[in-house]
Structure formats: structure tokens, C-alpha cells
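Here's what Swiss-Prot has on this protein:
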DISULFID  Cys29-Cys40  disulfide bond
DISULFID  Cys66-Cys71  disulfide bond
DISULFID  Cys95-Cys107  disulfide bond
DISULFID  Cys101-Cys117  disulfide bond
DISULFID  Cys119-Cys128  disulfide bond
DISULFID  Cys135-Cys148  disulfide bond
DISULFID  Cys142-Cys160  disulfide bond
DISULFID  Cys162-Cys171  disulfide bond
DISULFID  Cys183-Cys198  disulfide bond
DISULFID  Cys200-Cys209  disulfide bond
DISULFID  Cys221-Cys236  disulfide bond
DISULFID  Cys238-Cys247  disulfide bond
DOMAIN    27-58  domain 'EGF-like 1'
DOMAIN    62-89  domain 'EGF-like 2'
DOMAIN    131-172  domain 'EGF-like 4'
DOMAIN    174-210  domain 'EGF-like 5'
TOPO_DOM  27-305  topological domain 'Extracellular'
TRANSMEM  306-326  transmembrane segment
Amino acid sequence: MPSGCRCLNLVCLLCILGATSQPARADDCSSHCDLAHGCCAPDGSCRCDPGWEGLHCERCVRMPGCQHGTCHQPWQCICHSGWAGKFCDKDEHICTSQSPCQNGGQCVYDGGGEYHCVCLPGFRGRGCERKAGPCEQAGFPCQNGGQCQDNQGFALNFTCRCLAGFMGAHCEVNVDDCLMRPCANGATCIDGINRFSCLCPEGFAGRFCTINLDDCASRPCQRGARCRDRVHDFDCLCPSGYGGKTCELVLPAPDPATIGTPQAPASAVVVPATGSAPHSAGAGLLRISVKEVVRRQEAGLGESSLVALVVFGSLTAALVLATVLLTLRAWRRGICPTGPCCDPAPHYAPARQDQECQVSMLPAGFPLSPDLPPEPGKTTAL
């Protein structure tokens, strides 16, 4: 029993690792535990050292992954007969027990669990599983990383499985990613491999050039003017008395004498420079004076008065023409302004009745000629 251990009813109450052994007694708890590879636990079981296992800590732990082997010391993998390899996973009789070569291939054992297959003409692969089909016969024609597929060589024809961004029978065509015109606002689309990029014009940004840059962000307007953003430009709404692109100019106050009076454009008057200045290199310069020529409105009809006159004359002419037309229409229908004989009241009778109207051009009360007596049954009206 190791020193430092206290045994009670075959239970080791305390065991210090590395303690030396003493002669065992019959009642020691070490009678059922390999004390060279472990010690007794408080529950009466053996507590094994690292690399050992078992009920009595009598068995070493093999290397992880060891399949057909054993060990004499921890972490070993000693292969059983017929097996080889680091993990004892190679069958030394694989050529006879498993026949790994297909399609008539011959298996050759290389030792250490390794083998190779001698394939018949037209087949290839580690196990001669692949036939020299259309892909191999065509020299693997798929381009741009495309994968040639022919069902392990047993298909009649090959097909190319293209990577993203390519198309065609041999994956030889680069798909135009700019075909759908993804770039906005007149941007230039640059095609890539399964991607595109937009070259934005000035004033725009973003992947698709859809973001209008704020030209007012730098606050270019002065005098407290309000800035209005445009496409790659801006406008300043200047307060009264200021002008210019950024309201940097102070406008002169208007002359009260010229307010409301149409003015002609200002004219530049060139006046030769005069004075007693000594002659120098700049003596030949001209003095330019800008004077504003104001022309007052001459007497006569203005534009608005002329328009009103034309409209009034047109309405008057239309009214006169309508009166003449109505008068002519009434005259053609035989309507007399005076006299009942020209417009008799409607009379309904079972028989026909003729009536003749005689109009005299003589003054009222003038007797008719005796030679023209009225006809019987006729009515004479003066």
C-alpha cells in the first residue's frame, strides 16, 4: 500500500500520487488494483493513471484512430496480422479479399496495405472506375473554370457546368452584367466577371449612382441666403439688396426718379483720358465711363391702350353686323313694322280664303283714282 494512504474496509481514504509502495497485506485495498498504474478511489474502485484503463488499470490506451491493432504501452498501435498502416486500417489482403479494381483492372499489392490498379485501355482512376469518355476525348473543353460532366465517361456527349458569370456550350461567353442597365443618371456601366461597377457622373454617388450629392452641404450662400440644391449645382435665394452666384454682391439702391419708368439698357461710353499726368506707359489708356441712358415714354397710345381700342372696335363691328343681318332677315319674311294687313292674325276656316293687301304710297286721306275701283270681295287698305 502506498505511503500516505489509509485503508478502511478495503476503501482507500487518501492516496497521494507518487507515494512509494510498502509490503502489501491481505486486508489492503490494493489487493484488487494494479498500484503501478493507479490507486484506490474512496468508492473502492481503481483510479487509473493517464494512458491506462480497465477495472484494475491493467490495460493500456491505444492511439486514437487505431482500428486493427493493440498496445503494450499507452498510445501505441501495433497492428494485428493482415493489417498495416499507421492506424492498422490497411488490409494486406485487399487485392484478394475486396477486389478494388473495376472494369477489368488488375490489383497489385504494394506492401504496407497499399495497392494500385492496372486499368484496361479506355479506363482510368484509382480503381479504374472512370471511362475515357467524351470529356477526355475532347480534351476537357470547358473554359473559365467550367466542370466537364459525362457521367463518369459513360455518357454519349459531355456538358459543361459553368461558373457564375459565364455561359455557352464551353463556358466561353462572359455574361454582360450591364445588359439590364443597372446604373442610373447617365452613369457608365463597367462589366466584370459576375459583377459590374458604375462610373458615376459628377454630382451623383452610390453603387447605382442614385444618390444626388448635396451641393448645399458646404453652405456656399452668403448673407443668410437660402440654398436650393440642383444636379451638380445650386441656387442661392438672395435677400433684397444682394446678388451674384453666392449673394456676394451688394446691389446699388434704385434711383427714385426712375422707379416705374422703362429704361433702356445701359450703354458704355468711351472717353479719352485727360489731365496733366506725366506721360508714362499707361498714358495711352482710355477711361471708360458707363452711363445709364433713361428714355421716358413718349406721348401716344401705349400698348395696353392700343389693345383695348382694338377689342372695343371689334365688338362694335360685330354688333352692327348682327343688327344688319337681323333686319335683312325680317325684310325677307315680309314683316311690316306698321299696318295690320301685312301680318294678319291666324284664321282657321273650313274653306280656303284669299286675301290681297294693297299698299298705297300716297299720303293718308288721299282719294284713290276713280278709274281703279276695287274688285268685289277684296279689301283695300290705305
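For all residues, glycine too, the Cβ spot is worked out from N, Cα and C.
Structural mapping of features recorded in Swiss-Prot.
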residue : record         : Cβ contacts under 8 Å, 6 or more apart
Cys66   : disulfide bond : Cys77, Phe87, Cys88
Cys71   : disulfide bond : Cys60, Val61, Arg62, Met63, Cys77, Ile78
Cys117  : disulfide bond : Pro100, Cys101, Gln102, Gly105, Gln106, Cys107, Val108, Arg126, Gly127, Cys128
Cys142  : disulfide bond : Cys148, Cys160, Arg161, Cys162, His170, Cys171
Cys183  : disulfide bond : Cys189, Phe196, Cys198, Leu199, Cys200, Phe208, Cys209
Cys236  : disulfide bond : Pro220, Cys221, Gln222, Ala225, Arg226, Cys227, Arg228, Gly244, Lys245, Thr246, Cys247
To the nearest Å, how far is the Cα of Cys135 (disulfide bond) from the Cα of Cys40 (disulfide bond)?
68
What's the CA to CA span in angstrom from Cys95 (disulfide bond) over to Cys119 (disulfide bond)?
14
Roughly how many Å lie between the Cα atoms of Cys119 (disulfide bond) and Cys238 (disulfide bond), rounded to a whole value?
91
Distance [Cα-Cα, Å, rounded] between Cys238 (disulfide bond) and Cys40 (disulfide bond):
98
According to DSSP, does Cys200 (disulfide bond) sit in a helix, a strand, or coil?
coil
In this structure, which of the disulfide-bonded residues Cys95, Cys119, Cys128, Cys162, Cys238 has the fewest other Cβ atoms within 10 Å of its Cβ?
Cys95
To which of the disulfide-bonded residues Cys135, Cys200 does the lowest count of other Cβ atoms within 10 Å belong?
Cys200
How many of the residues that make up the domain 'EGF-like 2' (62-89) does DSSP mark as helix, as strand and as coil?
0 helix, 6 strand, 22 coil
For the disulfide-bonded residues Cys40, Cys171, which one has its C-beta crowded by the most other C-beta atoms within 10 angstroms?
Cys40
Within the domain 'EGF-like 1' (27-58), count helix residues (DSSP H, G, I), strand residues (E, B) and coil residues, in that order.
4 helix, 8 strand, 20 coil
When the domain 'EGF-like 4' (131-172) is classified with DSSP, how many of its residues are helical, how many are strand and how many are coil?
4 helix, 9 strand, 29 coil
Take the domain 'EGF-like 5' (174-210) and count its residues per DSSP category (helix H/G/I, strand E/B, coil), listing them in that order.
0 helix, 11 strand, 26 coil
If you count the other CB atoms within 10 A of the CB of Cys198 (disulfide bond), including all protein chains displayed, you should get 21
Reduced to three states, what secondary structure does DSSP give Cys95 (disulfide bond)?
helix
